[in-house]
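Trainee: Sharing the features that TrEMBL gives for it:
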DOMAIN    41-290  domain 'G-protein coupled receptors family 1 profile'
TRANSMEM  25-48  transmembrane segment
TRANSMEM  60-78  transmembrane segment
TRANSMEM  98-120  transmembrane segment
TRANSMEM  140-168  transmembrane segment
TRANSMEM  197-225  transmembrane segment
TRANSMEM  237-261  transmembrane segment
TRANSMEM  273-292  transmembrane segment
Amino acid sequence: MQRVNLSTVSEFVLVGLSDAPEVRLVLFVLFLFIYLATIAGNITILIAVSTDTHLHNPMYFFLSNLSLLDILCPTITMPKMLEALLLEKKVISFTGCLFQLFFLIDVVGTEIFLLAVMAYDRYVAICHPLKYLNTMSMKLCAHLAIGTWVAGFLNSLLHTSLIFTVLFCDSNQVDQYYCDIPPMLALSCSSTYSRELVILVVAGVLGSAAFVITLVSYIYILLAILSMKSSESRNKAFSTCGSHLTVVCLFYGTTICTYVRPSSTYSPQQGRIVSMLYGILTPLLNPIIYSLRNKEVRCALRRVISQVRTAL
């Protein structure tokens, strides 16, 4: 395995944003608003889940983990992007790029595993309601949550080590607004075939396993819902699963388009659009989706807002 020559490339230039001053200012205001709204929305979910006793159950425990991931994901990339838009500082150090990519892959991987765990939780709740509390004990939920974070960390460690041991010796311009796998591999002046193969195999196996768990869980859930005789029961079941299923479709669709392809087919323009969908818009939409489709969350949020108004 080739070792990276730190004296060859010591920094990278993020060139995935517009250079026109008037456009940069508009983009800065827009993305700053989106970032602040994302942080506010997910922090509100965290506060609602932690303070409302009605939400102290496995489903909302996992939702709080999802909200934490949705805070971390844009925080990894957007501050640097906002700095580039406002101050035109597009340079990021080699180490900074390494850590940015590591934490991004860590969060994305953890979210993939967490969505599978959340699907299994809904499967037990809908298909085996009488066994739900015994099966999904808080101890098991804690172990599952910790497992998703550990799996995401190890997955990211492997991907980052593979990417940052290639040789960067020509261009240092990353055609993206943050350091990511496809544009980094596209910069390498050494062969990336074996690394890409390992990345695709590992991501394929882990991602496919999480996807199969999610898919099978929802097949059983759908069959169980359709077999319910009461329309009220069906509507309630759909409302508790609809939010998660919407988030799953949005997240899987964008991440598959980004990572499940060779670097030779990487399109900078398409890559920027898709990455903004899962890296910026998805964390913003998740709390909105859950609050709009879930009656319990809406009631908890109203209580939180009422308490805040009273305190003010």
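The chain as shown is numbered from 1 upward.
Yeah, the Cβs are placed from backbone N, Cα and C, and that goes for glycine too.
Automated prediction, rather than curation, is the source of TrEMBL annotations.
Have a look at these and tell me how they're positioned relative to everything else.
Mentor: Remote same-chain partners of the transmembrane segment (25-48), defined as residues 6 or more beyond its termini with a Cβ less than 8 Å from a stretch Cβ, comprise 17-18, 55, 63-64, 67-68, 70-71, 74-75, 78, 81-82, 85-86, 280-281, 283-284, 286-288, 290-291, 297, 300-301, 303-304.
Long-range contacts of the transmembrane segment (98-120) within the same chain: residues 59, 62-63, 65-66, 69, 72-73, 76-77, 80, 92, 144-145, 147-149, 151-153, 155-157, 159-160, 163-164, 178-181, 184, 206-207, 209-211, 213-214, 217-218, 244, 247-248, 251-252, 255, 278-279, each at least 6 residues beyond the stretch ends and with a Cβ under 8 Å from a Cβ of the stretch.
Same-chain residues lying 6+ beyond the ends of the transmembrane segment (140-168) with a Cβ under 8 Å from its Cβ atoms: 1-5, 8-9, 58, 61-62, 65, 98, 101-103, 105-114, 117, 121, 181, 184-185, 187-190, 192, 195, 198-199, 202-203, 206.
Panel annotation: around the transmembrane segment (197-225), residues 109, 112-113, 115-116, 119-120, 122-123, 126-127, 151, 155, 158-159, 162-163, 181, 234, 237-238, 241, 245, 248, 252, 256, 259-260, 262 of the same chain, lying at least six beyond its termini, place a Cβ under 8 Å from a Cβ of the stretch.
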Trainee: Using a Cβ cut-off of under 8 Å, list the residues of the same chain at least 6 residues beyond the transmembrane segment (273-292) that approach it.
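Mentor: Beyond its ends, the transmembrane segment (273-292) has Cβ neighbours at 31, 34-35, 37-38, 41-42, 44-45, 63, 66-67, 69-71, 73-74, 77-78, 104, 108, 176-178, 180, 243, 246-247, 250-251, 254-255, 257-258, 298, 301.
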Trainee: As a test of reading the model: what is the averaged pLDDT for the domain 'G-protein coupled receptors family 1 profile' (41-290)?
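Mentor: Averaged over the domain 'G-protein coupled receptors family 1 profile' (41-290), per-residue pLDDT gives 84.
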